[in-house]
Amino acid sequence: MRSCLWRCRHLSQGVQWSLLLAVLVFFLFALPSFIKEPQTKPSRHQRTENIKERSLQSLAKPKSQAPTRARRTTIYAEPVPENNALNTQTQPKAHTTGDRGKEANQAPPEEQDKVPHTAQRAAWKSPEKEKTMVNTLSPRGQDAGMASGRTEAQSWKSQDTKTTQGNGGQTRKLTASRTVSEKHQGKAATTAKTLIPKSQHRMLAPTGAVSTRTRQKGVTTAVIPPKEKKPQATPPPAPFQSPTTQRNQRLKAANFKSEPRWDFEEKYSFEIGGLQTTCPDSVKIKASKSLWLQKLFLPNLTLFLDSRHFNQSEWDRLEHFAPPFGFMELNYSLVQKVVTRFPPVPQQQLLLASLPAGSLRCITCAVVGNGGILNNSHMGQEIDSHDYVFRLSGALIKGYEQDVGTRTSFYGFTAFSLTQSLLILGNRGFKNVPLGKDVRYLHFLEGTRDYEWLEALLMNQTVMSKNLFWFRHRPQEAFREALHMDRYLLLHPDFLRYMKNRFLRSKTLDGAHWRIYRPTTGALLLLTALQLCDQVSAYGFITEGHERFSDHYYDTSWKRLIFYINHDFKLEREVWKRLHDEGIIRLYQRPGPGTAKAKN
């Protein structure tokens, strides 16, 4: 190297400058091949590929962050009245992310088209700069931290709700909202749905669609305070669906070993400013004075389900309860299609509304069951002497007028009980429901087949449901084509759950057969009469000594009453006796040791 430098010194100055210039030119052309500037402006194709790759990574990430608990449970509730004294331990097991993570699946119909676009735009922009929000799990949650992707929240504590509660008429605020991140970074945000823990005492409005930073009509957004870190879980994300699409993941009865008891179990829908009785001897007055009944009886419940009482928040709340006490496992689009066809009931207290203003008259009602105790009872004239007469299911009158009377004001039924009665008793004269311009129909909605029956009724089509395979007729035939919708009433699931929780909570609900239990149709009808009437007399219901009588008053031969597991006849017998002893109802009880013989 030194020899080369020594030789270069002997060259002329012009040659040396020429060599130096050549070396510089060489380096100028060779340098870019060694140092390449990173490409900061990718092509459209490269950008798309990068976004897809990052999206897949963000979707896979929550799975690794999910808690390792054996069972992950959540609770979601819309604003409803607060819990009362009958609330028991909470033991829900599953509320899957697919169910509550799909805001679009439960968005109002008019916003269905907007939801996928909004959500897609939020998920595809600058995923590396997303700031996600977290939701709370149960008190046994995992370590606090931030989780990416769509998350869903739960809170075992009951939230504040600004509605009327139970007997106390207290007001509280239970809130559920769908939230967005507090700041948009890179114009991106992920959405989440959360139940605010009781400790935060926030008043957030529920929304019906996916929330974004831009305020939309009818949509309220809120931010989870960043200072409070709560235990969290990151459930796997779910695709957007519309409310009319059946969801893959949802609350299922099979996931519960006994009836789930939610912290909003005792929150019901109430009628504010309803009519009040002026009868001094009314059931409602007696109930308020009874040490036993004053803790159970709620006089201002919403009794009927109609288009005014069906919305997204009600669906979300009632989906936690199995039919007939809620909407669990039902088809949203079917229920919506049916219920929204029923006009609002002007007054829940139908019978009080029929009285002149200021009237002190007491409304008397007879509720006629189908028990064999009425055979040869000669109670027909007494039954007809009441202001209103309630009947149910196979209300066979022809040939039994002396025992059961002839008048009908209310007819209660389920799709199953009505179609079975038409099938079994059709050849004995029960070819249609009781008819008359003043007859009102009370439909107790047991489950899917009842909504399928109603759909066929409203469309005037033949019932094709496999759940009613024995009835291939148009439901309107049972009403002789003279049905008026203002006289066809659907009983509200809240009202039926109130009956079950406060009067007829069977031990069956605490076991494996909880799903099939419900009070008898007669029991539901009798407790409905307690809400509508001032004075109630019950005929044909189970009493002590029921073994002496046939199953039904219209049986042509003696049949033993069978205690099926889906009903609790012993419990009902005890409740009717207690109501009778308290002077709330007058229960017809047949004296004497003899067995009543069936008519031929």
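Each residue, glycine too, has its Cβ placed from N, Cα and C.
Bear in mind that the values here come from a model prediction, so they are computed numbers and not experimental data.
Looking up Cys365 in Swiss-Prot gives a disulphide bond to a cysteine among Cys279, Cys362, Cys533, identified as Cys533.
Note on Asn331 (N-linked glycosylation site): other Cβ atoms within 10 Å of its Cβ, all shown chains, come to 16.
Comparing Cα positions, Cys533 (disulfide bond) lies closest to Cys279 out of the recorded positions Cys279, Asn300, Asn311, Asn331. Checked against Asn331 (N-linked glycosylation site) by C-alpha proximity, the recorded positions Asn300, Asn311, Cys362, Cys365, Asn375 yield Asn311 as the nearest.
For the pair Asn300 (N-linked glycosylation site) and Cys279 (disulfide bond), the C-alpha distance works out to 16 angstrom. Mean pLDDT, taken over the topological domain 'Cytoplasmic' (1-14), works out to 60 on the 0 to 100 scale.
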